[in-house]
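Colleague: Annotation comment: TrEMBL describes A:405-511 as domain 'TMC'. The transmembrane segment annotation in TrEMBL covers A:163-184, A:204-225, A:296-316, A:336-359, A:380-399, A:414-431, A:438-455, A:467-492, A:513-538, A:587-604, A:616-638.
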Amino acid sequence: MLLYPLLVVYKNYCILIPIFCFLHGFDAEEDLVGSLASMSTNERIKAIQKMPETMRKKREIRNKVLKEITKKSRHRGAQCTQCLQGAAVSFRRFGNTLSEYFHQLRLWHKTLKIIGAEFGTSVLSYFVFLKWLLNLNIFSFLINFGFITIPQFLAAEPNNLSFTGLEVFTGAGYFQQTVLYYGFYTNATISKVENGPSYNMQLAYIFTVGIYFVICFLILLFSMAKFFSRNINSQTFSVNASKLLCTWDFNITNEKAVKLQQKNLHTQIKESLTEVNKEVRNFSVMERVARIATHLLAWLASLGTAVAACAAVYFLSINNLKLFMKGYRNDLESQAAMLVLPVIVSLLNTLIPFFFSWLGHLEKFQTPGQHIYVTITRNTILKMSIVGILCYYWLNIVATSESQCWETLVGQDIYRLVLVDFIFCLLGSFFGEFLRRIIGTTVCMNLGLPEFDIGRNVLDLIYAQTLTWIGILFSPLLPGIQMIAFFIVFFVKKVSLMRNCQPPRKVWRTAQMMTSFIFLLFCPSFLGVLSVTGVTVWRLKPSEECGPFRGLSSMYAAVDEWIQILQSYTASKWVVWIYHNLISSELFFFILSTILLVVTYLYWQIIQGRKTMTELLRKQINNVSLAFICIFCIIWLLC
Amino acid sequence: MGGSASLIPRDLLSEYQELTFLSKQEILLAYKRFSELLPKEERENACSARVPKSQILTLPELRANPFQHQICHVFSTSESGDDSMSFEDFLDMLSVFSDSATSDIKSHYAFRIFDFDNDGILDRKDLEQLVNCLTGQGEESQLSSAEMEQLIQNVRPAGQGMGTAPGTGLSAHLPPQILEESDIDKDGTINLSEFQHVVSRSPDFASSFKIVL
């Protein structure tokens, strides 16, 4: 980053001094071969790959480097290094083949390519995000199935409830006594062979969920860091020229789409040109007050709607609980009544965003960017507060109610929410895109084809993922259900997109959007889920008569008991030591967070320093180029 | 896969893997697509054959691309200047446009693609041609010369303050002054390092400068 202003100077003035340049170029290749030869194999391959040269040239360099290396190693006469090199080569080959097999597993490579070709990178990013979530759910399903469900099958109890078919929608009835829910899992230690190795279900349950969340945390953190580091450059200054120079989307290969993209770019350039020519509008005091008042009113209205929606959900859910408490009836009426809550929640989630976007249109934002961000913020507030109020209901009311197995009740609630949300997602693409196209092409011609609403669709995905994360503790197989749902959503959305939609007219800053989506997935969603799970594990009392933690004061007590047992074995003293000194000690976490804060502060300072440095160098280049021009003028005059 | 694997010798294949950003699968797919462009009798030794430019441009990935001629020109190593491509040139191209290529190498080649007259700098003529490619070549879609002037050089109608930047949202606002912002040393042209400097700040560049077979 710091080097390139210097490079600018170098590149410019080496043209002026061609002899120097020639000599330098001659030396450069020798230097290059020398430095490449001293690198490790992996680094060398990467360095050669990065050269902007033709294949023939690269091969030439590579052969020279290899010759140099063999010369050197002959001098040393070391057999051992060759041996090691051979091992390294074969190890690398092995790595390559392994990565190729993973490569072949790339799902939907072709589908994604077609979407990119017709709709560009911005719509593609939605599908990439969907695929990412799908992979996450597959992973979590495999973990839960492998470590929790399969052992449970070995200790299975018979299921004596009847299956009518309606349970698929309500998740109640027959499913209550299946591996789908927390309540069915045993608290016993499973061992098939007498005196053989045994499997402690309590520990398996808590560790599987715990480790899964830790892995999720790390994955999210790393992908956020990746996206942020890519974006950090763009946020230092906003350069408009880069938008034009990098604006062409080479992914788009469909002829019609290319024509359309050209047309869009043309209108955008024209618009921005006329905008520059326009006088910058100065708002009078009255206008400004009016604008602020509209924004305030809109915020009040949207927050009020969110609060009203939450209240409705809260009272409905309390009503719902009474229904459960009456007992497990299997008649049609009570099953239909169970579905009222999830349907209402999904309806609120689908309809209120339309109200928000209408509000946004009324507000007349100055830039479309503001409009998008404000709408996304409001939708996030709405969705997260609905989820929040549901969590409050589950943890404070269901958990303290006198039901037999409150964890299973919560699991069922989440199951229904996930399922109904999935159905609404399918209906959304039918009504939102299919009918909209029919109306736009036959009834109301000036509406035209609909555009794919990336923001709304991504928020729906984040909401669905949040529900799944909350549900993992209460219903370990929920990721499997969400996995199937995402799989179907992928195809339905793809078909709907291909049939109904047109490519977006605005150039979206894709990378930035992706960063904010991952950030949203992390910040309200994942952190919220972590706190809900934390409260459940540490504070709440598990049901007395069901589930792996029956009879304990809290789920975490299982770990405490295990540590107590471990203390009597000398071989596992280190586990006890780690537990006492690191995991359950406040001091350790205090020190850890202090170190983290210090490191963050240091990095922040370094970034600030670099910014000022770049600015200084930039000024210097301007000065130097002026000085050079002066000097050349003088020389020219003297000659 | 098995069929085409035997056509490229093992050593050559691993060499290609070392020299490009492509994986084995991608190289084999490239080989398949490349040999399909050749007439039947030449397919046996596709590694040494050259495909004329007209054939290369029939690839669906390039057919509609407005920069197709420049892309062929930049990656072709043909000495006669007919922009025909050998298999290795083809791999070079796919490597630069691949997912795993670094942003640096992508911007290097983007510069060469946008440098229509091959003089090593982007001057006003190159920029004009670039804008024409972006907006389409048709009569009605081209910008007028005054608009072009304004877009590239930042010449504004009288009575306007300089430096009133337009909105910087994530949106429709495209640059009304390419040179003013990217020409750091103020010599009236954009050179490679200035170009890379500008491009490095656009996080979208690496994801949009991509062609996958």
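Glycine is treated like the rest: Cβ placed from N, Cα and C.
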Colleague: Mind checking which residues of the chain, 6+ beyond the ends of the transmembrane segment (A:513-538), have their Cβ under 8 Å from one of its Cβ atoms?
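Modeller: Distant Cβ neighbours of the transmembrane segment (A:513-538) are 122, 125, 128-129, 206, 209, 213, 216-217, 220-221, 223-224, 227-228, 230-231, 376, 380, 384, 387-388, 391, 395, 399, 454, 458-459, 462, 465-466, 469-470, 472-473, 554-556.
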Colleague: Between the transmembrane segment (A:467-492) and the transmembrane segment (A:414-431), are there three or more C-beta pairs closer than 8 Å, counting only pairs 6 or more apart along the chain?
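Modeller: Contact criterion met.
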Colleague: Of the listed stretches (A:296-316, A:414-431, A:587-604), which one yields the highest count of Cβ-Cβ distances below 8 Å with the transmembrane segment (A:380-399)?
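Modeller: If we count Cβ pairs closer than 8 Å to the transmembrane segment (A:380-399), A:296-316 scores highest.
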Colleague: Averaged over the whole of the domain 'TMC' (A:405-511), what is the pLDDT?
Modeller: 87
Colleague: Near the transmembrane segment (A:587-604), which residues from the same chain, at least 6 beyond its ends, have a CB less than 8 A from one of its CBs?
Modeller: 581
Colleague: Give the nonlocal contacts of the transmembrane segment (A:163-184) in its own chain as ranges (CB under 8 Å, at least six residues past its ends).
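Modeller: Contacts with the transmembrane segment (A:163-184): 149, 152-153, 157, 328, 330, 332, 335, 338-339, 405, 407-408, 411-412, 415-416, 419, 473-477, 543, 546-548.
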